[in-house]
Amino acid sequence: MADGVDHIDIYADVGEEFNQEAEYGAHDQIELYEDVLSPSANNGDAPEDRDYMDNLAASVGDDVVKGSVPNIVYTYTGKRIALYIGNLTWWTTDEDLTDAVHSLGVNDILEIKFFENRANGQSKGFALICVSSESSSKKLMDLLPKREMHGQKPIVTPCNKQFLSQFEMQSRKTATQAGQMSGEGKAGPPGINARLPFPPGGRGRGRFPTSGPGGDRFPGPAGPGGPPPPFSAGMTPPRPPMCPPGPPGPPGPPPPGQPLPPPLPGPPNRGERPPPPVMFPGQPYGQPSIVTLPPGPPPPGYGPPPGPPPPQQGPPPPPGAFPPRPPGPPMALGPPPHLPGPPPGGPPPAPHVNPNFFPPPGNAGMTSSDSRGPPPSDPYGRPPPYERGDYGPPGRDMDVVRTPLSEAEFEEIMNRNRAISSSAISRAVSDASAGDYGSAIETLVTAISLIKQSKVSADDRCKVLISSLQDCLHGIESKSYGSGSRRRERSRERDHSRSREKSRRHKSRSRDRHDDYYRERSRERERHRDRERDRDRERDREREYRHR
């Protein structure tokens, strides 16, 4: 019976499956290779989209061997060529990049992705652009590096792991240098704070999706124009001069490997103003400042960033032109102590300087003991504590400083005080006779305070008026207290009667409870005694029974 059944050969298709694995094994290995290398090249970021990475070998043509058949099965029919565009400022938007590409005659943009920092969404300074034709990619490679975008010339490279890692390393180096420069007090990125909001229409809000791997930010130029100069591992950023600078000299050549900076624009128009220089305490007014803030990205609605600040207006004044001013709190970038201070009537510091740490130059009337700076032993430059005696409320000593009054003014104020006193006394007496003691007392207190606040309160005649008002006040208060005591006595009598009634009720209740309690106790005792008697009788019976 078993011989008649057709046996199913479960090993019949093993050979085909092994052949299929051999056929598609290379594809699986390529995908695994891409997955392994993506985190190391992107510094832990998400891997790139594989739809253009798979077409990389066919589009670039640098790793393709002629005559070899690719093992990858392509599902995307259209052509897609990806390029990296780097050396961009962090405030460059996708619209800026799109306009620059369209100006070259390239209109087949498929996608633009900016590489952003996942922590704060700030651009790293390079982006990925996808076009659909080989001619467009060649135009971008040849013509786009010649165009300037926000004062910098972009760099266009093929889309592969090598250039991606180079751009990532460059963004990390620039971020580290910017952190060192900001830690030393020098503003590297365009603006004091690197966490400024993006201008409207920026990345992520344009016409293209902007999701991309994160990383460190790519700050913009350190000056009015060109890119920040790179520093080697053993070098530190240049320190500013610690003396008043002279007229600006011609700019030096750019460092190797960087494009030429753009020509500096002319002075600003009538509607524009350059950023104000930072004012430090102890710096002469009108003297060129040591550190001038570079222009940052354009604020919303103000167009491109303005030009550089104009050259300084003339040489610095001689040291004896202004009276000396005590030095303020020491800073990392403060001026040398031999510089004279601003004049006493000069303007306060610039609005972006905290006035709590940089006092305005209007304190020339202070004594020499109070106007000294902080002691040199204080490493943080904290100012000495203020003496509260100068800021306390005015006391009796202020009466001496008051200007003397003329006879007419004195008589006018005295007549006014007399009228206030007489009207207050008459009104208080009428209110007290009507039984409204509160209104009478309030009227007299108000009149006394008004006369005490007048300019002639120290005169003897004013003191007589005040004493008469106070006597009237004491009399009305005694009457109000007497009537109140009578009322209180009556209320006390009522309260005593009520409390007596309550106490009687309570005592009667407590007595009843006490009697009930004792009755219950006596009953319990009687029951207990009865039980004891019964037990004794039982014991006696048992003894009698045993003796028999």
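Even glycines carry a Cβ here, placed using N, Cα and C.
Residues annotated as compositional bias 'Polar residues' in Swiss-Prot: 169-180. According to Swiss-Prot, the compositional bias 'Pro residues' annotation covers 221-279, 294-362, 373-384. The compositional bias 'Basic and acidic residues' annotation in Swiss-Prot covers 385-400, 490-500, 512-548. Annotated compositional bias 'Basic residues' per Swiss-Prot: 501-511, in sequence order. What Swiss-Prot lists as domain 'RRM' is 81-161, and the listing cites sequence analysis. Residues or ranges marked as region 'Disordered' by Swiss-Prot: 169-401, 473-548.
Averaged over the domain 'RRM' (81-161), the predicted model has a pLDDT of 88.
According to DSSP, the secondary structure content of the domain 'RRM' (81-161) in residues is 24 helix, 29 strand, 28 coil.
Shown for the compositional bias 'Basic and acidic residues' (512-548): DSSP residue counts in helix, strand and coil, namely 36 helix, 0 strand, 1 coil.
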